[in-house]
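See structure below.
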Amino acid sequence: MDPSTLAVTPALAPPPGVRPDFVNSYSLLPWITATASVCMVLTALVLALRMLTKTVVIRSVDWTDYNALLGFAFYTSFVGCALAINSQRRGRHQWDMSMLTLLETLEVGVLPCAIIATDAAYHSQLENIASIMYCIGIMFAKLSILLLYMKLFVPIRRGGVFWANQVLIYVNGLFYIGAVVALICQCIPRAKISQPRLPGRCTNVYLSFMISGVFNVLSDFFILIFPLWAIWHLQMPLKRKFGVSIVFATGVFALLSSIMRLYYTSQLSYNHDQTFIIAKVALWTTAEVATVLLCGSFPILPRLTQFIKESKKRPRPMTKASNLSCEHHLDGSCCAGTLGSEKSLGTASSEDEHARAVDTSRTLV
């Protein structure tokens, strides 16, 4: 079939009563762009507040923060790759694009056109790189959360809570490292990723996505349950247990995102409208990593609000003008009172800082 015929042939038979539209058809691309923009801005803002809290209030930056920043860096790369993939294919119903457009991005070597082959190779490689960035990003994001759990709930390295946390850390780390290796070796040679007709072998991409989806749902579920289980084993007032549990319960949004991603990934096995379904998978994948990064930062932010409230309650220090006016009193009582006040304020401040440091070593929430 020549390219001119492929250019007017729908890539999929439309449903009854639906007429293909290659020009002004509905697309999920605006939703993907909006979701990516909101997630990037919100995640960057929350991470900035997290680092502000750790550097100014707690004055301690550790591996939980470094992992969160690495996760955000790879997440940014994933979003960039996802948005760079051909917008003609992204988010449209398959019957609303021509066979020529589909082949330009899905298969190389079918048409005798160097430009088409180049475009397809670019997009296939970009999709593989985006998947690698996703695995690395979500690995660091989850490790950040699990290392935070280690600080908060595992003061002594023994007992069920400690070993449960260790299992989650190693299982998540090993799985995502294995997933990255599998994606790098998706095809041997790698050129076969973009040129399917080359001799060699490739793994089943759909099966890899399903395994990843199932693991993410289970992983997010246990990461959500673990802090709630640990909190209710701590010796603290019931009211405080509820309050701290609500902070960690925000992880339910990450769980819902991973469930939705798995749901749409499963549709790829039987729904022929592949281009539309893949866009929905990308939509929920973008939200999934963002929610994991956000959930890892939310438990730290209450310290910032507490610091702001305490700052407002503290009395302002004596100004130079006030000190000079005190010197004019003959009895010097005002000056004595001022010095006494400054001393007491200094003592209170140092005591507050010491108490805050001790409190920080115990918990971040």
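Cβ coordinates are placed from backbone N, Cα and C, and glycine is handled just like the others.
Taken verbatim from TrEMBL:
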DOMAIN    49-304  domain 'Rhodopsin'
REGION    343-365  region 'Disordered'
TRANSMEM  28-48  transmembrane segment
TRANSMEM  68-85  transmembrane segment
TRANSMEM  97-117  transmembrane segment
TRANSMEM  129-149  transmembrane segment
TRANSMEM  161-184  transmembrane segment
TRANSMEM  204-230  transmembrane segment
TRANSMEM  242-264  transmembrane segment
TRANSMEM  276-301  transmembrane segment
Residues from the same chain, set at least six apart from the ends of the transmembrane segment (68-85), whose C-beta lies under 8 A from its own: 32-33, 36, 39-40, 43-44, 47, 50-51, 105, 123, 126-127, 129-130, 133-134, 136-141, 143-144, 282, 285-286, 289-290, 292-293, 296-297
The domain 'Rhodopsin' (49-304) [mean pLDDT, rounded to integer]: 84
Intrachain neighbours beyond the transmembrane segment (161-184), with Cβ under 8 angstroms and 6 or more residues off its ends: 128, 131-132, 135-136, 138-139, 142-143, 146-147, 149-150, 153-154, 190, 203, 208, 212, 215, 219, 222-223, 226, 229-230, 233
